[in-house]
There are 4 protein chains.
Amino acid sequence: MFVLVNLKTYPCDPVDVATAVRDVDEATDARLVVAPQAAHLERVAETGVETWAQHVDPIDYGSNTGHALAESLADAGADGTLINHSERRLKLADIDGAVEAAERAGLETVVCANNPEQIGAAAALGPDAVAVEPPELIGTGTPVSQADPEVVEDAVEAARNVDPDVSVLCGAGISTGDDVVAAGDLGAEGVLLASGVAKADDPRAALEDLVDPL
Amino acid sequence: MFVLVNLKTYPCDPVDVATAVRDVDEATDARLVVAPQAAHLERVAETGVETWAQHVDPIDYGSNTGHALAESLADAGADGTLINHSERRLKLADIDGAVEAAERAGLETVVCANNPEQIGAAAALGPDAVAVEPPELIGTGTPVSQADPEVVEDAVEAARNVDPDVSVLCGAGISTGDDVVAAGDLGAEGVLLASGVAKADDPRAALEDLVDPL
Amino acid sequence: MFVLVNLKTYPCDPVDVATAVRDVDEATDARLVVAPQAAHLERVAETGVETWAQHVDPIDYGSNTGHALAESLADAGADGTLINHSERRLKLADIDGAVEAAERAGLETVVCANNPEQIGAAAALGPDAVAVEPPELIGTGTPVSQADPEVVEDAVEAARNVDPDVSVLCGAGISTGDDVVAAGDLGAEGVLLASGVAKADDPRAALEDLVDPL
Amino acid sequence: MFVLVNLKTYPCDPVDVATAVRDVDEATDARLVVAPQAAHLERVAETGVETWAQHVDPIDYGSNTGHALAESLADAGADGTLINHSERRLKLADIDGAVEAAERAGLETVVCANNPEQIGAAAALGPDAVAVEPPELIGTGTPVSQADPEVVEDAVEAARNVDPDVSVLCGAGISTGDDVVAAGDLGAEGVLLASGVAKADDPRAALEDLVDPL
């Protein structure tokens with residue numbers, strides 16, 4: 001399973017969480033990665049953890065003040081990037097351009113979407129993976145795999161119908177190992193997490209619990 | 001063939017062009033429709049021409065000052081609507097919501113996109129049709145069917161792969177009957193036009209020339 | 001007092017409300033206007049009421065599919081337009097361009113903003129008026145003049161400091177004549193209303209109550 | 001004079017340019033700062049140069065995937081931030097929120113705008129400084145102080161009229177010391193630079209030439 005810990009703009013110490021993710025990753029078969037803010041990429045990558053960006057812009061080198069260039073994210077240590085997270089939605093043409101920019105810079109891509117129809121659309125743009133996250137469940141603590149298992153199954157089917165090479169992840173409300181196992185049983189190859197780890201009193205313990213049944 | 005004449009915000013008289021579209025539609029087997037600005041929908045629809053909106057917002061009745069509600073467009077006479085035109089690009093989630101809003105109000109939908117990948121994505125959202133318009137050819141007078149025939153063929157294949165029930169249109173630079181025939185030969189079931197008719201000295205003559213070989 | 005009734009995308013009959021606004025306007029010294037959706041401008045203007053648009057885009061004649069051109073709004077019967085309503089917020093440069101476009105087409109302008117600082121900013125762009133509407137009070141039924149009287153006074157002072165020729169309106173939660181009188185006592189020269197009239201069982205009675213103490 | 005070197009997303013080595021800015025700053029009375037991409041803030045700040053962000057979002061700690069949090073920019077070494085650069089234009093309410101967020105985190109603020117009217121608007125939001133940059137001159141090599149000196153004088157007057165405590169900078173096309181002196185003569189207290197230094201074959205020499213007449 002692929003497990004991405006999204007630090008959002010939470011008030012956590014990004015290096016502390018990253019170190020925990022790195023250590024737990026080394027002790028399990030799951031692939032754990034962490035996605036800090038752009039300004040924290042470098043110090044997070046220095047821990048040795050697999051580091052992802054939270055967003056990349058559909059741009060090339062040039063006059064783009066205030067934008068996130070794929071090459072600079074990679075240069076700062078990013079191995080992959082989220083695109084179109086529900087807190088950073090993009091225009092269709094810009095998702096397409098962002099996937100292209102990421103691939104140009106050697107970044108792996110996960111395009112997020114809200115429902116199975118949009119997952120099909122995201123898959124058509126050729127990312128490495130798509131992630132379905134019903135916005136109404138984000139941050140609730142109620143896992144999508146339990147609250148709405150059909151949305152995960154339908155997302156897997158929608159992506160497979162468009163491009164069987166695109167992996168499907170799911171997110172929203174996932175915080176325990178059972179949630180991750182349930183996501184896998186529904187066909188997901190990974191999960192997106194955030195508050196369940198990043199806002200936990202003990203992120204390392206939360207991660208250990210999470211990967212325990214895997 | 002489906003032929004949509006997009007009036008954009010051109011300085012043409014919308015009723016004059018609409019009347020010409022209506023008359024030529026009655027004299028041909030092609031299906032001709034006209035897409036005026038929202039503020040002109042009512043007077044255009046009164047000519048009896050099939051009338052389309054240029055945009056619809058992903059909203060329902062409520063507190064949405066300055067937005068285009070599908071029900072109000074229909075109420076003013078619209079039978080269908082463009083969505084995500086390259087001059088009015090939307091976020092992926094909003095294209096999805098706009099298609100849903102249009103269907104709720106009984107409006108036919110054409111989702112525009114820039115290239116075959118985005119056409120596949122647009123088709124996954126379940127509109128009635130998709131339209132590929134390479135932005136660099138819009139308004140040039142060089143038809144997409146001639147400048148880049150593969151983009152039309154690839155768009156047809158991308159849409160068919162995702163959902164064979166979604167029709168494919170093409171646009172950008174189309175102004176003559178030969179352009180329309182060429183588009184059809186490449187697999188398109190219709191075309192989007194704008195300046196070639198709306199900015200013509202004699203829109204009726206331009207339309208008659210356009211449908212002549214059909 | 002200037003009283004603008006914003007119909008948003010409410011499920012009301014725009015002609016019914018417009019007719020009531022027209023009739024009550026004729027029976028009072030206040031200046032009553034109604035702002036329907038773009039697609040309803042023409043039929044509303046035909047009632048003879050003073051008609052405003054809810055939004056105008058910062059564009060000129062040209063290739064602007066899906067946008068609201070000031071000249072077309074005027075052509076459909078608009079005498080003025082809201083700009084930057086909190087449900088249709090614009091970039092600073094686009095507010096500037098929208099004010100310019102509206103003036104070019106002879107439309108009166110009211111730029112909305114959230115707080116006194118932004119009211120000062122809006123006034124600097126030279127509209128005819130600005131309107132302060134704390135977003136958290138919109139649609140609550142609790143009038144801004146009662147919930148936060150200082151925001152109105154501070155907005156009047158902020159606008160006067162920048163440009164004394166710009167009138168100040170206020171909105172959010174206003175539904176009774178007492179609310180309008182209170183707004184005037186705080187220095188506002190008019191009010192923006194919406195649900196209090198447009199969603200009333202009897203819009204005409206709501207308006208008569210509203211203008212009664214003026 | 002305040003001189004900000006904006007690295008945009010240029011293919012320069014940010015540490016090389018930052019080191020040159022730091023060294024030239026130490027040898028002159030002018031105040032030189034450099035604005036790298038967010039992902040490069042940390043390594044640039046480590047050179048000891050005064051470091052600025054190119055953009056900050058109007059947010060607080062929380063669920064804001066893919067956004068730039070003021071506290072994180074400061075934490076990575078930023079001392080100040082540009083806001084509303086013409087390549088990253090914001091909604092009026094978001095400029096207001098971004099200024100507030102920056103101040104909360106102790107970042108100095110420069111709000112950019114296109115013309116004197118928008119400069120007045122920007123000044124009303126209470127930043128430390130505003131910067132007028134006519135978009136049509138950005139990257140041209142023709143300095144605003146020469147191409148359109150009145151725009152600088154009018155911007156200074158517009159800001160002073162609204163809030164005399166707000167400094168005025170100017171930008172667009174500035175690359176030589178004479179340009180900077182001319183900007184100062186027109187009332188500007190500083191300049192924004194980009195390609196003239198960041199894309200120079202020898203950034204250090206370009207900077208030395210720039211500050212020579214100061």
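Note that the numbers count up from 1, one per residue, in the order the chain is shown.
Note that Cβ sites are derived from N, Cα and C of the backbone, with glycine treated the same way.
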Cross-ref TrEMBL: substrate site B:Asn6, B:Leu7, B:Lys8, B:Ile138, B:Ala194, B:Ser195; candidate in list B:Gly120, B:Gly126, B:Gly173, B:Gly177 matching that site is B:Gly173
The correct three-state DSSP answer for B:Asn6 (substrate binding site) is strand
Close in space but at least six residues away in sequence, with Cβ under 8 Å from that of B:Ile138 (substrate binding site), the same-chain residues are B:Ser86, B:Glu87, B:Gly171, B:Ala172, B:Gly173, B:Ala194
Students should find that the Cβ of B:Gly173 (substrate binding site) has, within 10 Å, a number of other Cβ atoms equal to 25
Across B:Asn6, B:Ser195, listed as binding-site residues, the smallest other-CB tally within 10 A is for B:Ser195
Within the same chain, the residues at least 6 apart in sequence whose Cβ is under 8 angstroms from that of B:Lys8 (substrate binding site) are B:Gln54, B:Glu87, B:Ala194, B:Ala198
Here the recorded positions B:Asn6, B:Leu7, B:Lys8, B:His85, B:Ile138, B:Gly173 meeting chain C with a Cβ under 8 Å reduce to B:Asn6, B:Lys8, B:His85, B:Ile138
Spacing of the two Cα atoms, B:Ser195 (substrate binding site) and B:Glu133 (active site, proton acceptor), in whole angstrom, works out to 14
Cβ proximity for B:Leu7 (substrate binding site), under 8 A, sequence spacing 6+, ordered by residue number, returns B:Pro14, B:Val17, B:Val34, B:Ala35, B:Pro36, B:Gln37, B:His40, B:Gln54, B:Ala194, B:Ala198
